[in-house]
Amino acid sequence: MRSYREVLAIREVWTTILLSALTRLPIFGLTMLITLHVVETLGMSYRLAGAVTTFVTISSMISAPWRGSMTDRRGLRRTMIPSIVVMTAVYAVAPWLGYYPLLVILALGYLWNYPIYTIPRQVLIATVPLRKRRAALSLDAVSIEICYMFGPMVSIIIASSVGTRATMIGCAVLAALGATGLTVLDPPIAETSGAASEGQTPSSSSPDGNPSPDPRSATEPVAPTQSSATETLAVEGTTHDSDSPTIDVPTAHPSTTPALAWVNRFTVAILIGCLAAGYTLGGIELTTVGAMREMGSTQAIGWVLAFSGLGSALGGTIYGALNRSVPMPALLTLMGLTAAATTLATSPLQAGLILLIGGLFVSPTLTASIDQLTNLTPPSRRGSVIGWQGSFLNAGVAISAPTIGAVIDGVGWHQAFILSGAIAAVIGLAVGAVMRTRGS
């Protein structure tokens with residue numbers, strides 16, 4: 001736990017995590033509130049409520065890489081201020097709109113959604129020494145897990161007392177306060193000398209989080225030539241000899257770095273892994289509902305899923321305290337295998353315990369994906385790639401709903417758990433194979 005104490009001693013770290021949580025809690029709560037508002041306050045069907053959620057999800061998926069790119073080009077404040085203005089204005093009027101105006105305003109408004117994943121992670125990467133980065137990103141992952149568990153629950157409890165309209169406004173105000181706090185503090189989102197430790201910087205590391213021997217700074221001036229505008233990173237971090245596969249990563253300013261400079265077979269493979277992770281997570285949630293209903297234990301849905309969240313929080317904490325990282329493909333494969341094993345459960349308690357074990361690999365998988373992606377990405381394009389990571393994750397969740405739902409309806413929840421886990425396990429193996437290939 002020493003690594004956590006050292007990380008939390010950095011002012012930018014604990015203030016960013018706290019203010020991000022202040023924004024994430026109500027944002028996660030609003031997702032559930034939208035459904036509750038459409039069904040109970042507006043008196044519409046769950047199908048129509050699901051349509052609103054789908055449009056919000058699509059808008060958020062579009063927003064994430066776009067807003068991430070904006071942080072690369074314009075900085076934290078100029079990215080966050082439009083989100084504060086737009087999202088606050090949207091929720092100032094949305095609670096009193098009818099169904100179709102509500103759908104339109106939310107679909108448009110969420111294009112300016114708060115970059116609740118991109119900016120905090122950029123701050124942590126920029127302000128924490130390389131050897132402590134995994135601990136910092138793990139803290140962020142655990143914070144997300146806690147917000148995801150408590151945000152919807154607290155918002156629904158409050159809505160049951162004061163109504164959905166007042167609760168939606170309260171959540172919007174709270175999210176704006178957290179975002180405003182980050183905007184006022186304006187922590188750095190690009191590496192400074194403080195990001196280095198013993199001559200190592202985030203941009204001179206291998207994608208598994210282990211430092212490579214190249215001591216050059218990510219902020220080192222680079223001449224505008226093809227040969228000097230790139231930096232070589234090892235793809236496999238277990239060794240750093242001449243046989244390690246390498247790729248060239250531009251380190252120039254955003255205006256001179258091509259927008260797609262970060263795209264290569266390794267980053268694409270990791271993003272596909274994120275898609276699979278999202279698919280499995282969405283499948284687990286939906287299949288758990290189906291399994292508990294068939295077991296006649298619908299009242300257990302909440303605490304069974306909470307076991308998975310608890311496992312994820314524990315896994316993230318343990319992963320951040322490790323002395324070395326674990327490759328994302330291995331974690332993804334283990335997450336898939338344990339998800340598939342849930343098909344063996346014969347009671348809610350058994351399902352919860354298996355999901356608890358499987359949850360141990362969730363936060364580490366997502367943390368490792370961010371760590372590896374940012375190590376393979378030019379510092380001037382990290383906002384974009386972090387945004388794309390979130391979009392691929394959400395896309396996986398969105399794809400899982402109709403496909404896993406069809407499996408549950410057609411052949412049952414046992415096969416749905418198997419499919420949910422098999423996707424992550426198979427793609428995890430495939431991503432691992434790609435990451436082991438040698439670059440030319």
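Note that Cβ sites are derived from N, Cα and C of the backbone, with glycine treated the same way.
Per TrEMBL, the features are as follows:
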type	residues	note
COMPBIAS	202-211	compositional bias 'Low complexity'
DOMAIN	266-440	domain 'Major facilitator superfamily (MFS) profile'
REGION	190-229	region 'Disordered'
TRANSMEM	12-38	transmembrane segment
TRANSMEM	44-64	transmembrane segment
TRANSMEM	99-117	transmembrane segment
TRANSMEM	137-160	transmembrane segment
TRANSMEM	166-185	transmembrane segment
TRANSMEM	262-281	transmembrane segment
TRANSMEM	301-322	transmembrane segment
TRANSMEM	353-373	transmembrane segment
TRANSMEM	385-408	transmembrane segment
TRANSMEM	414-435	transmembrane segment
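The stretch with the most CB contacts under 8 Å to the transmembrane segment (44-64), chosen from 12-38, 99-117, 414-435, is 99-117. Sequence-remote contacts of a segment are chain residues at least 6 beyond its ends whose Cβ falls under 8 Å from one of its Cβ atoms, and for the transmembrane segment (262-281) they are 207, 235, 247, 249, 328-329, 332, 335-336, 339, 362, 365-366, 369, 372-373, 376-378, 381, 384-385, 388-389, 392-400, 420-421, 423-424, 427-428, 430-431, 434-435, 437.
Counted over residue pairs separated by six or more positions, the transmembrane segment (12-38) shares at least 3 Cβ pairs under 8 angstroms with the transmembrane segment (137-160), which defines the two as touching. By the Cβ criterion (under 8 Å, sequence separation of 6 or more), the transmembrane segment (137-160) is in contact with the transmembrane segment (353-373), since 3+ such pairs are found. In this model, the domain 'Major facilitator superfamily (MFS) profile' (266-440) carries an average pLDDT of 89.
Beyond its flanks by at least six residues, the transmembrane segment (166-185) meets 12, 15-16, 19-27, 29-30, 33, 37, 76-77, 80-81, 83-84, 87-88, 90-92, 94-95, 114, 119, 155, 158-159 of its own chain at Cβ-Cβ distances under 8 Å.
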